[in-house]
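Copied from TrEMBL, the annotated features are:
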- 119-125: disulfide bond (DISULFID)
- 88-508: domain 'Peptidase A1' (DOMAIN)
- 318-358: domain 'Saposin B-type' (DOMAIN)
- 381-422: domain 'Saposin B-type' (DOMAIN)
- 1-27: signal peptide (SIGNAL)
């Protein structure tokens, strides 16, 4: 899998509704915890103005949460408490004397990067803390240039080496990227400065050893796991906790369900069917890949399924006239072909909407909204081919539910009006949240449901509210796809253990 797809999602996250304002606060470490380290963060309610600005706000008082620190300790464990993703971030320091940065702790990437004092001609750099190598007595020059691609641009910089402090853990000789050009103006809107990647070394740009690996190698970690808890209580002072080296039993109920890593590099697992109110969405009945990614707020997945979700929750979607014209002009032919038993994989070629060459390469449903592959190459097939494949798939799903022809074609025509927005945001009716279905992911033969209150974001504006759905489209071709990316929405419901030693991930209901 190419590395670029992660940064497409990061860009979507920067622009999406989940980048609300937060208030950050650091608490001191209790020496009685035996070296357990904690970050405490404070969450601020959203309003529509802050939503549009996608701002994350740092608190003026860095000691507000000292009385709220969880003093439970587990032997041989180092604790961190911090917000992750665009809403969740924590403070680290680099250099001697320490220079402080707010970073996202991101399981979907593996590099540490912060803005450099040498970032002069890039406007976003002036709105973030910048690393000054000249004042650090422990700095070691490397100078090798690097480029980190995003969905709509890249950030550029070079590698350096210095000490990095995460809580009370001091990592020596850590290589990180000093960013000299932040290409996307979307980065202006974020009040965190950089990213600390917690993915595998396999995807580290420049083959740099990640911070997590150095924590282990330098003897700070006694159990090769870290665990994540995100607090979704909007009035709570503490916003989340990441524990390096152990698990805090106070933050989950029952037992974790563990599943193996299916492809090393990302924290990637296999998931089964995705259910809408206990009804199959079809695509992942056999299996789909899923990356557990604390670096994005939303849940990203195939257009064919996200469109069904949009329809079920009444989201305002993107209307495709091409899609609707196929239903009106070819709906009966597609129906008759499927009923007669024609191979659905070649159906659209048989009616002239796709080339036969397409099916000799693969039968992937390409991205509809962007009409391009993740590597930036434009799809050679026409949009009519793409929509035809999707329509065939949707009709197949409905046939399995024994629905009548007229009802199915009407439903598919409505799906053509609910395609995911290119901007990633979809509005939903706040008054209809209670009537929306649960959406469940099947992991390890167990169902992990999300309620509408958990996958819809309500933004207050005076006496009124605006609500957004939390699913965005991402189409990854085989053999890596179909692919889901489970971000903050999912991680907020389920306490997650990243078991590096056993190459597995565990989920339990968050408490």
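Backbone N, Cα and C define each Cβ position, glycine as well.
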Q. Could you give the number of helix, strand and coil residues in the domain 'Saposin B-type' (381-422) as assigned by DSSP?
A. 29 helix, 1 strand, 12 coil
Q) Averaged over the whole of the domain 'Saposin B-type' (381-422), what is the pLDDT? A) 92
Q: Measure the Cβ-based neighbour count of residue 119 (disulfide bond), defined as the other Cβ atoms within 10 Å of its Cβ.
A: 23
Q) Taking the Cβ of residue 125 (disulfide bond) as centre, how many other Cβ atoms lie within 10 Å? A) 23
